[in-house]
Each structure stands twice: as C-alpha cells, then as structure tokens.
Amino acid sequence: MDHQPTQRISLRALTLWRIYGVIQAGIILLLTIGLTVAIVLWGWPWWLWLIGAGVFLIQFLIFVWLVPKLRWRRWRYDVREQEIDLQQGLFIVTRTLVPMVRVQHVDTEQGPLLRKFRLSTISISTAATIHKIPALDEQEAERLRQSISSLARVAEDDV
Amino acid sequence: MFEPKRLHPISAIINFVKTLKDAALPLILVLVLNGNIFRGNVDWLPLLIWAGVLLLVLGSGIIRWLRFTYRMEEGELRIEYGLIFRKKRYIPIDRIQSLDFSEGIFHRPLNLVKVSVETAGSSGNEKAEAELTAIRREEADELEEAIFQEKKHKWSGYDEESDMGGEIEESPREKVYGMTMKEIIMMAITSGGAGVVISGVAVFFSQFMDLLPVGTIYNEILDWIQIGILVVAFTVLVLLLIAYAISIVMTILRYANFSVFLDADDLIITRGWLEKKQMTIPLNRIQGIKMEENLIRQPLGYASVTLISAGGSVLKNDEHQLRLLPMIKREEVSEILKKVLPDYEVVKDFHQPPKRSLVRYIFRHSWFGFAAAIPLSVFFFPYGLLSILGGVFLAVLGWMAYKDAGWNVLRDQLTLRSRGIIKQTYTMKKYRIQSSYKKQTYFQKRSGLSSIEVTLTSGNGRALAYCYYMEEKDSNHIMEWYRMKKIREKPAKV
C-alpha cells in the first residue's frame, strides 16, 4: 500500500482541464464586465470592481494553473490481474481498490472536447459503485477496456 | 401447473378499491363542487357521470381480473394480462430470487395471499417484477414448490453457492428468532418519534410550570393571553401524544408475531397482525449486516440488526422490512446471529483510532454547529447565544463518535464501527465488499492518519461503511487484507 500506482493519465488531459478552467474563468470574466458596466452606468461603489477582478484572477490562477496540475500529478492507476488500483484527489487523496471479480462492466465515453484531444474516459461499474478514470489516451482507454473486461470475465465470480 | 390460472375473483374487488383510492380525490371534488345535492334541487348530470365512472372502474377491475392469467411453462413463469393491450411477461425461473407473500384485510378471511415475484434484476425498479394480487395459499405454496423443483433441475453451476446447500433435504422451516411482546412495545416506545414527543412534553411542562401559580390573578388580561398560549400548547401536546400513540399502535400491529425462520437456503421473515407480511431473503444474497444503536436505545442496551441484501424491490421502499432483529438486547445479538448467520461473528474488541484523532472527530462533527452559531448569536443577540449549546452538543457527539469508532479484521471478515448520530456497526465478508477506499488529506498524512471506506451492494444502491482517522498503518493493513488474494476463503458450504 506504500507505493503509488504506476500508470498516469494522458498529458493532454492537462490541456483539456485548462480549457475547462478557461471556460469557467470566461464566465466570471463576463460577470465582471457586467459589473463594470453597472459601476459606470449607475455609479455603484468602485471597490465592487476590485472584488470582481480579484475573484477573476484567483479563479484563473487556481482553475487554469494550479488545479489541473495537481490533479494530473495525483491521478495514477494500475490495472492488475486481480484488481484495479486508483489514486486521485486534490486535497483528500483517495486510494481505491476494486477487485476484478467485482467488476460488472466497463464503458468508455467521449465528449466532443475529449474527442478533439483524442482522449476518452473509462468508467468501471461494480454492483454498487462506478469508478472513472478521466482523460485517458483513446487507444489506451480502448486497450484498457478490453483487458479489464477480459480479466473480469476470467476472475471467478461469487456474488 | 401448465394450464393458465386465474387469480381469485376477490382481486377484481381489490383492483377496484385500489383504483378508487387513486381516483378518490377527483371524485370527491365532483361531489363537493356539485354542492346542491344536499339542498334538494339536485343537478343530476354530474352524479350520473360519477356513477358512470364508478361503474367503469368496477368494470375495468373485473375485466382486468378476467384477462390476468399465469402459468408455469418451459421453465418460465408466464403472465398474461392487460385491459386493452394484451401484455405478456415471461420470467425465467432461474431469475426468480424469491416469492414474497403478504396478506391484506381482503386476503385474511379467504385464506388468500398476495405474491410478489422478486428477481435478481429488480432492485433498480420501483415495483416487483410481477405481482399476483390474490391467490389461494395452497396455490401459492404449489407455485413456490414448482419453482423450487424447477430450479433444482436446472441448477448446475449457475449458482454454486446455493447448490452446495442443495443437498439438504427439504427441511421444514426452523424458527430461529421470535420477538417478544415486551420487545415490540419497547421498540414502539423508543422509536424515532419518541424524541420529538419527549422534547414536546418538556417544552410544555416548562411553560406549564411558569403558569402554575395562577392563584395570583391580578392582571387578568395578561392571564388570558397566557391561557391562550397554554391552550395552544396543550392542543399541540395532545396532538403529539395522539400521533405518538398511533405510531406505537401501528408499530405493534406491524411487528406483532415477528419471527425469523431458516428454510434451507432462505431466510424467511414474517410479521404483522392485520396485514401479514412474509419475506424471503436468499442467504446468498446477503451482503453484510448492520447493527444500529440510536441515542435513545443505546443507554437501554438495545440495538437493531439490519440485513444488507442485494436486490429485492419491496425491500427498497420500507427500510424496516429488512430488519432482522428490530429490537434486541445487545448481548443477545451474538447468540442469535450464531443460529441465523453462523458465518458472521460478532466481535467485541475493536482497534480504535489514536488519541490524536479526537480533535479531528470533534471538529468534524461540530464545526458546522459553531459556524452557524456565529450569525445566529450576532443577529438574535441575547437568545442567539443559545445556539452555541447546539455546537457543544455536536462536539459531545463528535467525542462519542471518536469513542465508538473502530475496526476489526477477523479472517475474511471486516467489522467497521462508526457514529454519525446513530452508532453503526457493519460486519461484512471480504468477498462481498465491492470496493474499498483509503482517504487521506495533506494534514492527515503529516500526522500519519487516514480513513477507510468500503462499499457493499444493497437493495437501494449501495451501503457505505467507514472508519475515519485511524492510524495510517492500520488502514494500510485493511487495504492489504482486502487486496490479498483470496485463497478460496469463501466457505465451502453455506
């Protein structure tokens, strides 16, 4: 339990998450612009603008620069013959073990942005839970899906 | 068993009543809006419509009864039904998990039962896979027997676990547990509603005591106001008491004759007076057990034991239905479980989180209370300060949570004990755990603590058992235990 899992998700995930961050920051930016207009038009107190700009800056820093980096660095996984081992989480680091016997099915999914980056998210379902590995390389995800589903079929079942 | 069978004719009436119940509101509305019935000059048209609807409902009930047939054919339970569109539902016997019987007030005098067919896949759905509204008890038993035979025929490696037990000759069901009336009454009195009532009574008496020296009546107006409050308080109190009494009576009616039987591979729970319920839980569907002790029952030494079972849709709606031992002295749990589920062992000694987690527990439970107390204290100044007491209460709860947290690994069995408000002890087998998590924040890493969570399948999705802030090496130990391969630790025989 001491060593982390070895596999990492695709580096392109970093770019993808940064784009998500930029989109979020864009929304905040629009709000700030709206605020500016309100300040100019109706003479709202000027310090409101400072707050708006501050929020935008912080949000930009955190969600475009910091969070994707940390998230990517934390995300590790391993698919072994008997189990799937995941590690994720920004502040709360979660280590998840899913025995192969428990796996019921595996899906891969791909939204338009993910497709653009040739990435794909894999979700592994047990009878009770769904575990996702986000933003894997398309081919890697495909390979993983097949290997998990064949491993899961081999593993003896006892539910 | 091959010829199509009908339900008992009474099911037409049951259908009728059921539809009527659903449609009651609009019908009553029509009656009320057509208010001049009572004044003599009756407007006949709405009444006629009303009667027409009634006839239609009755008719549809009868037709639905006529159309509904069921039979066993080619290893399937075949049901055909439908008022306008004919529908056929064929359920392979293999997939049938259990038949649950229940008897309503219509069923009792005629010795009929309602049969719900539960399949492995029906956990997600709202309703049972199929329902036979009313058939004679002998027919129901016949059906059960036929399904049993059919399964026995087919079973080869489909479900080895049950097959292992298949050698057991069809044994008469053995009663393993019965609830005494005293326990049922204790349970009814200490049910969740009790807390509300007790605090209601307390508030009332605190008011009442203030008002008691009524002898000094020199400000009559003030007194009148206060009496007004008294009347309101009294009414509320009476209403609460009535609600409480009703809930007690309901609980007694529902749990009367509560008994648990063991029948080869199934656990059978029967209960109820007016409406008898019987539930069958295949032993191999049981995922784990949960013992709960709430704040009222714990000091009295009582606990309740719930089964976590995969599948079974009736189980979903009513959490009480899965209670294996609804109200039991804590010391007796172990002994009874030994009879019912000998695989599971009730452990006494737990490994506990270290001293340094105490602060975290208290903080975890009470930060919200204290945070909420700040605005409350500021905005409602003198009285708002009382809200700090809420925070203190939560802090005490956090301390209790620390005391109660613990884990135990015994061969292939994991026991996790924790408290949110209710103290919960989950006991489960390794091969039933769906996934396991180890969680750790940055600060916990620095002080060498981490938390463990494991998931089980249960009728309504999943059950989560946890133990927070334990020594990191302990949680590593549990993760290793969970990972460790599996030298056929499943018992050879159930």
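Note: Cβ is positioned from N, Cα and C throughout, glycine not excepted.
Nobody curates TrEMBL annotations by hand; they come from automatic prediction.
In TrEMBL this protein carries:
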- B:65-147: domain 'YdbS-like PH' (DOMAIN)
- B:255-337: domain 'YdbS-like PH' (DOMAIN)
- B:402-482: domain 'YdbS-like PH' (DOMAIN)
- B:20-38: transmembrane segment (TRANSMEM)
- B:44-66: transmembrane segment (TRANSMEM)
- B:184-205: transmembrane segment (TRANSMEM)
- B:225-253: transmembrane segment (TRANSMEM)
- B:361-379: transmembrane segment (TRANSMEM)
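Per-class residue totals from DSSP over the domain 'YdbS-like PH' (B:65-147), listed helix then strand then coil: 24 helix, 40 strand, 19 coil. Secondary structure of the domain 'YdbS-like PH' (B:255-337) per DSSP (helix as H, G, I; strand as E, B; remaining residues coil): 24 helix, 41 strand, 18 coil. The domain 'YdbS-like PH' (B:402-482) scores a mean pLDDT of 90 in the predicted structure. DSSP states for the domain 'YdbS-like PH' (B:402-482), grouped as helix (H, G, I), strand (E, B) and coil, give 22 helix, 47 strand, 12 coil.
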